[in-house]
Structures are given as C-alpha cells and as structure tokens.
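Written out below as structure tokens is the structure these notes cover.
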Amino acid sequence: MATAAGADAGDAAALRARAAAKEAFVAGLQGTTKWEIFCVIGCLPMCSLFAAAAQSWVLARLRRLGASPRLLRASALAIEAAALIAPQVALTMSPVEAVPIFLMLLLLWVSVALKIWLKMLRGPGARAQLGAIAQHLAEPRKRFVSAFRGATMLLTALAILGVDFPAFPRRYAKAEGHGQGLMDLGVGAVVFSGGLVSKAVDGRGGGRSSALQRAASGLRAALPLLALGFARLVATRAAGYQHPVAEYGVHWNFFFTAAAVALLTLLSQLPPRALLPAGFAVSAAHQAALSLLGGSAWVHSDARGPGWAGLNKEGLGSIPGYWALSLLGAAAGHHLQGSAAAAASRVRTALSATGKRGGGSGGGGGAGSAGGGGVEGASWAVWLWVARLLAADAAAWALLWLLETAVEPVSRRSCNAAYVLWVCAQCFASLAMCAVTDVATVALAAPPRAAPPPGGAAAAAAAPSPRLLCAINRNLLPLFLAANLLTGAVNLGFDTLAASDGVARAIVGAYLVVVCLLAAALGAHGVTLKL
C-alpha cells in the first residue's frame, strides 16, 4: 500500500514538474515581426487556390474514367487537406524563414490566378462565367468569409498543439508583454471572425427588444461558453495541466473572455452603420484607461493580487479590447456584404450593357472597356472591388503605424488599441486574399461554354474548393473544443519537450488530419453542432 502511494506521489510530482517546464518553455517570449506573421498567415489562402487547380485537373480525369461521386468527393477532400496541412506544418514546425517561402508562393499564386482569369476572358463562355461570378458574389453567405474563418481555425488548431514542441519556433508563440507572435494573432482572429458573421452584421440583433430581453439573450449565448470555461479550469487543475498565468490570469481563460464579449455584444445591439464608430470608440476609451489611468502598467506588472481581480488582471483588463475587436469584425462583415453585392451589380450592369448594344454572347475579345460595359468592363468591376478591399486594409496598416509610434506598441496581454487594429489589418488582408482565391476558383469551375449564368448555389457546388475550409467553418466552436481536448491528450500522454522535429511534425500532422476528418464527417452528414 505504501509503495503504491509513493508511486502515485512520484507520478504526480513528475506531472507537476513537466507542467512547470512547459510553462517556462512559453514564458518571457518577445514574438516576431508583423511582416513574418503576415507571410505565415498569407500562405493558407494561396494554398487553397493551388488545391482548387489540382482538384480541377484530377477530378476532370477521374470523371473521364467514370469515377463515382463518392470517389470524386473523397479525392477532392484529400487534395485540399494535403495542400493545406502539409505546407503549414512544414512552415510552422521548422526553423526555415517564412518570408522567402511566402514570396515564392505569392509569385506562383498571382501567376495561377492570372492564368485562370485570362483563360476565362479569352474563352467562348466569358459572359456566362462572369455571370456566375456575379451571382456567387451576390449570395448572402459569402464563401470567401467561410474559407477565411475555416483557415483561421485550422491555423489556430495547429498552433495550440505545435507550441508545445521545440520544433515550433519560439518567436511564433505568444509574446509575454508588448510585441506579437503568431499565436497572439490567433486569439484576436477568432474573436474578429466571430464578429464577421454575428447577428449585428445585418441588424438581426437589433429590433425593439427591451434591455431585459437583450440581457436574457446575451446570457443564453454566454452560458455555454461559461460552462466550457469552468470545465477547462477544473480539468486543468485536476490533471495538473500547464497554465501560463501571464496569458489570462490565474483562473481566467479564453472561454470566459468569449462569453463576456458575447454578452456585451448582445446587450448593445447596435445598428450596422454604428458598428465601426462604436468599435473605434470602445477601443479608444479602453486605450485611454490603459495609458492615462495606469491600466497598462497594472496589466503588465509582475505583481499579482490581492483579490480575484488582481489574480485575473489580464483577462479582465483585456475584455473591452476584445469587445471592440468583435464590433469591428461585425463592421467588416457588414462592409463585405454591401461591397460584394455592389460589385455583383456592377458586373451584371456591364454584361447587360453589352447585350443591349448587341455585343453577342461571345468571349472577351473586344467587348467593352475598362470603364464601360462588356466582358472587359465586368472584369474590371470585380478587380475594382478587390482593389478597394486592399485600399481599406492599407489604411488600417497606416493607422496602426501611427498608433504604435505615438501611443503604445501592440500588446495582446492588455488587448490595447494597437493590438485591435493589428488584428483587423491582418485579418482584412487575409480576407482580400481569400476573395481573390474564391473568385478565381469560381472562374475555374464555371462552364466552359456560353450558357445562362447558373445559380450561385450551383456554381458553389461545382467549385473544386474550399469544401474542407467551409466544413471547418460550419462547426468552429465544436472543432476548437475537440482540438483543445486532443491537445490535452497529447500533452498528458507524451513528453512533447523531448520530441524530435520529425516526430513533432508527424504528431501535429496526424492531429490536424483527425480534426479535418471530423469536420468533413460532420459536413458530409449536414450536421451543425450548437454549443
């Protein structure tokens, strides 16, 4: 009996020592440059287009061989998973620099997108294909937004396990004070992507409900997240799992922050036009409290306590910043809805203008001009929309530079104004890249002959990609929870700090395959889990 008790005590001590070592492994880090993080994030939308091109080539040949629909779907998912998982694992789980790889992929991505677009314009079915693109952009549910959200979750899932291995560069982990790492962006991007599709985007949360009704609705939305937060707190304490207190505090975790943001968003219920000024106002007020009232010094100090608020100062002090981030995400979603619909309208106007002038059904030979109607005018309408997205993103980067120069550098720990704007700028750049990939994918999948423009849903179904990213988007929170449980299982059953680089890549790759298989299985059966 004494021997067994001694063995149990020894195991517990070893578990505590391993947890302490893992906490020290992610402590005191300074992060990396914004440019390198941009390069890592930007690879996923580009790889999605490469997957679409590969799917188009492979599926066309499988159809000629009489392959069954099930084999076609399985092949498409396998190609997409390979094109998304393998490059990201190789990029984030090795010492190789991300910048040169990104630049090479960028050249290839631009070349592939231009080839697809020019081939479409010169083909006999250019007008029909542009009509399909217009209908695709006019759909209320934007597929490129779903792809962005799915890509964000895939990269987040990779990072939460990868960071526990030495193969994951320390500069990509969360910065402890001021500064930014890849994982710092992941936290904010999850909040921003939630705002993109929130009820506030189209005013569904508005109405004339009373404050009591809004509070009840907010509590219903927050309760599942609060339950997950308490479950994580209890589970980590019971298992002796590592818990770096500098991230959120002693008792706090991300689920509590998400619950607070959901409650505040539903309590406010702002009209869509007020989202952008409200987001900036909340972030400005929060920054004023951080800079003028000593909030930043309090959050970043090593002292902790007394009292519950002092023990959880990072979690409590960052709530206004994350709320502002959610509001700005909703404002971005509202803008994308309107701008994409306007672009679709301009494409249709250009195509109908050439039809009224008698400019046949044919290709992109010489119909129209850059500023007029026809195929060329419709093409310019699409790329003008993309250019405006890039211009808005450039403005966000310029404002970020001013904020960091004049006020305070980026800090995820306090979720200051610079951090909020950095996340918005990074996410909006990724959304623009996802939009380009999405438009090129629709052009790739559209019918090769002139025909009446198919419905947007039909065009989306025919598109070779991104089925997997959309499947992940369909069950974001359940998959995030599954990824956390798998991460905990790996850490409790395996000494990640002792793993070689090859073993680390194999484990993280297999883990991502499991997450993707779960997403694909839920999507194939039309299951959307609500927590």
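Glycine too: its Cβ is placed from the backbone N, Cα and C atoms.
Feature transmembrane segment, per TrEMBL, maps to range 151-169 of the set 151-169, 455-473.
With a threshold of 8 Å between CB atoms, the same-chain residues lying at least 6 positions outside the transmembrane segment (221-238) that come near it are 251, 253-256, 258-260, 262-263, 266, 481, 484, 488, 531. Ranked by the number of CB pairs under 8 Å to the transmembrane segment (476-494), the listed stretches 71-93, 382-403, 506-529 are led by 506-529. Tallying C-beta pairs under 8 angstroms between the transmembrane segment (506-529) and each of 71-93, 99-118, 382-403 places 71-93 first.
Among the stretches 35-59, 99-118, 382-403, the one making the largest number of Cβ pairs under 8 Å with the transmembrane segment (71-93) is 35-59.
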